[in-house]
Every structure is written in C-alpha cells, then in structure tokens.
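Trainee: Grabbed the feature section from TrEMBL, which reads as follows:
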type	residues	note
DOMAIN	61-141	domain 'GDNF/GAS1'
DOMAIN	151-247	domain 'GDNF/GAS1'
REGION	304-325	region 'Disordered'
C-alpha cells in the first residue's frame, strides 16, 4: 500500500503538469479490470433462480452475511470494521469516522469480491433485506453526518488526497454511463464498475443506498448541491453520476439477479491520458500509514528515472512494484 501511494503521488504530479486546468473527469491511474468475476455473477444467478416460493422468503443480504461468517478472513475483517464503526467515543462523538473508514478500506481491499460484492449488491424483495443492505457499511458512522456538505466541496476534498482521487477517477472511468453500449457501461464491464464503486468506500466521498426501497436503487454520496451558486450545474452533473447512473444501477441489478453471465467480456476503453498505470494494492497492512503524506527520498528510490524515459518506467524489479509493464 505504501508503494501504491508513492506511485499515485508521482502519477498525479505528472498528470497535473500535463493537464490544462482541472478536468471534470480524470483518467484512472489503475490498470483496467479485465476479469468479470463471472463465477460470482453465476452464484447470484443460482440464488435468483431458486424456487419462487423459497426465493420470495429468502433474505439474500442475510445469506451474504452468513457466507462471510463461514470464511475466516471475511468474518475477522467484517467484525473488525463493525466493531470500530459502532464504538461510541462520547455523547458528542458517536464514533471515530477516520478509524471506521480505515477499517472499511481494509475489508474491501483484503476480502475477495465473492464475499464483498454479495454483501453490497445482494438483491432484495422486502424492506428488511434492503435495510440490511443499506446498513452494510454502518452508515451512521461511515456515511451520514450532521450536515450534508456541498458535493463539489466533497469532491475537492477527495481530490486533495491521492488515493481518494485515484478511486474517484477509477469510478468515473468504469461507471460513466454510455449510450453506445447495451448495458450503459464502458466495455459492457459490470465487474469493473462494481469494483470501482467498492473502491470508494472508506473515504469521505463514500457512496451508499439512500433508502431501503425495493423498487428502485438510488446511490449517492452524503452531499447536496445546496449553496452551489454559479457552480450548481456542475454540482448536479457530479451528483447525477451516482443518483441517476444507468451503468451503476444496471450493474447492481445484474449482479443481484445473476443476469451478467452471458455477456461477452470486453476491455474498457483505454484512458485518454497516456500515463503509466498503477496496480491496485491487494492488502493494507494494519500498521501502514495510509495518510496522504510526503515520502521524501523514498519516492526517488522507488519510482525513478521518469524524466529520462518520456514517462516510460524502467523494467527493473523495484519499478515494476509501482507501474505495470
């Protein structure tokens, strides 16, 4: 994770040097997701294809929690974030939001999608199931707050952090709705969209279900466009990428219904900005400093010689830790 942060710091310093002003959408620094987790969608299909009488009474989100509890790693990390996010500090401070977010990031970075996706995107036929789905990330601590900030302020705070900025860019790259695709997703890649959505959880911009509705799925960060002034149109556009996004909605519904298994995998369109791509970290060590810190001389020792190679990284062992070949 430390090397991921170091390389993202370099990536954005180069990107800002190449870009003219602030872009509304930014290219993802991560390698494109090429696998579609078809086995996971197929598993969802098995549940959705159960006998109608049984399926109508089944709580798929409860089933997902039970499946997680049968896996030692999933159970341990899920228990850790639930405990952290529910730990009351004082009457004025019901929980440590920072620690809750870090525990959530550890869970979604370390636990395979076959467990995390089922918890986040389980299909529901009643409000009890939908409310369990909404409560997956303990929203009272990780999501909700006393006041809703302006969405552009929230985006600005996210872009000030290299990791959050990268996850947001990845979300826009993989979930930006397109009408040139039958699924409304870039490259018809549902898994890439769901993975990048999960990557946003554990930051201030964390998205979640806005209610326990079973007839419609509405996702939103905890923000509004109130007080946007002459930036209201841009704010609404940013918010609609969550609340009115057919790609994200179709991906969630396809996972819950198991209807994605027959789609032909396609690679996402290549990023417009030709910069080296960073591989997402598979784990966040418990003692890692996951803050947005300056790394000093460690940067030059880990990711060097960029200026001598026209942005093409060395193929040394250390360099490959930062950028893909």
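Cβ atoms are placed via backbone N, Cα and C, with glycine included.
Could you place the listed features in the three-dimensional structure?
Mentor: Per DSSP, the secondary structure of the domain 'GDNF/GAS1' (151-247) breaks down as 53 helix, 9 strand, 35 coil.
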Trainee: Averaged over the domain 'GDNF/GAS1' (151-247), what pLDDT does the prediction give?
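Mentor: Mean per-residue confidence for the domain 'GDNF/GAS1' (151-247): 93 out of 100.
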